[in-house]
Amino acid sequence: MAASMVDDDKQISHAKSTSSSLNGDGDGFKVYKRRWYILLVVFLLNLTNGMIWITFSPIADTTVPYYNITPFQVNILVLVFAIASIPLGFVASWLLDTLGLRLSLILAAWLNGIGSLLRNVSTFESVPLGYRFTVCLTGQILAACAQPFIMFAPTKLAALWFAGDQRATANMMASMANPLGIMVANLLAPNIVQQQQDIPTLLWIITAPTLATLLMATFGVCSSIPPTPPTSSAEEKSEPFFQGLKQILRNRHYWVLNFVFGAGLALFTAFSSFFDQMLCPRGYSDTYAGMCGALMIGTGSLGAVAAGIYVDRTKRFEEVVKICWCLSCLFGIGFVQFARFRDQHVVVAVMVSLFGGFGFAIYPICMELAVEVTYPVAEATSAGLMIISGQIQGVIYMLAMQFMATDLSEYELSLGTGCSTSIQKANDFTPQDWTDPGLFVSVVATVSAFILITFFKAVYRRMNKEQQIAAARIMNQTIEIRPEVHM
């Protein structure tokens, strides 16, 4: 154990010295101001895609009668994002690594924009009631196809455009836009949609920034890479896509990280999708459920900012990930258990806030850590497979939780619920008991935390390579300036 700690300190010390030596003008590396514009485009794409993704979950009980569908069909509007990302994730990884960042962002912007517009079309009176849900689902599917291109972009952008001591922060800013979009939707949806007729207004509010981002990406992102690289690792050529996949298959520590990160992303997706359905049967309102989603992401964003700045300075990726994930699991278990009881507004809000605060802190750090432990595999490949893992597990967990939910007891129904009702009782949302899905979540969280602590060990391949290059440069400079000795 002592030897392991010494090795860790050596890696971190080398990484910190590398970061400072590789970002000076003396080494010929330069960053460009336009990187902030591209970061803004990726941020807005992620933000609007997150809003589209989760639009109907905070108002599930209002969406059911509006589209004349079942609660399961409402969940399908969320599930299509996870389902589409699995096959398209490999396409997005290949496209980002082969054809570049610019083409991927423009394609994603158009899919996102057209998908959002189609959802608005589904509310037009000229569309027959029986076809409205199909049109809306088609729009969701198009936006879902954009998601892997958007979510895989932050690590690629950070590696190609940002200096070594800015990568984790840039990744954090771009990656956290997606949960911020979910937070905005959680706040907007229940406050704007007071009745079924308000749903079109909500959709137009989301479509406006989506179309603005489409124009920014199409006419503002002019190149995939800067004129000169910002770091020595960006200067190096990444492994070809399929060769990179072969290398990853043999990397045991990467697959441990992949599974645990996927479990965390899946639990976040499940919570975001089911907040309203988990809480309203116990008397909590749609507005409160939306507030819980906003608290989870709001505190998570603060945690991600703090963690991103900390690891950029200290390079202690592994320690931060392990500590934060264990605490996140603890508070996530607390949330699902306390959500079973009525009138626990403060405790539930605190639990879900701390779950988000520690859980979201590791999202961008895990992305950077995946690149570190798999270098020189291309960034979109290693990070992309992490997202795909989360989507696969998300589909499994959400379907399992959906089918584990049971009918609410007559006694609980007699106490009243916070679920919205309509005049057409046949189309009403049916409250369910989510005790069994809560137990399932607790088991998944506990197992994933145990696996992470026991089996994951980080080897900082990219930072070590940069340290070697920096040392070689210093050696060459020393030799060049050494005065010649004449015999």
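Numbers here mean position along the shown chain, with the first residue as 1.
Cβ atoms here come from the backbone N, Cα and C positions, even for glycine.
Source: prediction; values computed, not measured.
Per TrEMBL, the listed range annotated as region 'Disordered' is 1-22 (candidates: 1-22, 419-440, 463-484).
For the transmembrane segment (141-163), the list of distant contacts is 22-23, 29, 31-32, 35, 38-39, 42, 45-46, 49, 52-53, 80-81, 83-85, 88-89, 91-93, 95-97, 101, 104-105, 107-109, 111-112, 114-116, 118, 170-171, 174-175, 178, 224-226, 229-231, 233-234, 364, 367-368, 370-371, 378-380, 382-384, 387-388: same-chain residues at least six beyond its ends, Cβ to Cβ under 8 Å.
Counting Cβ pairs under 8 Å to the transmembrane segment (103-121), the stretch among 36-56, 76-96, 170-189, 287-311, 383-405 with the most such contacts is 36-56. Across 170-189, 323-341, 347-371, stretch 347-371 shows the highest tally of CB pairs under 8 A with the transmembrane segment (383-405).
By number of Cβ pairs under 8 Å, the transmembrane segment (287-311) is matched best by 347-371 from the list 170-189, 323-341, 347-371.
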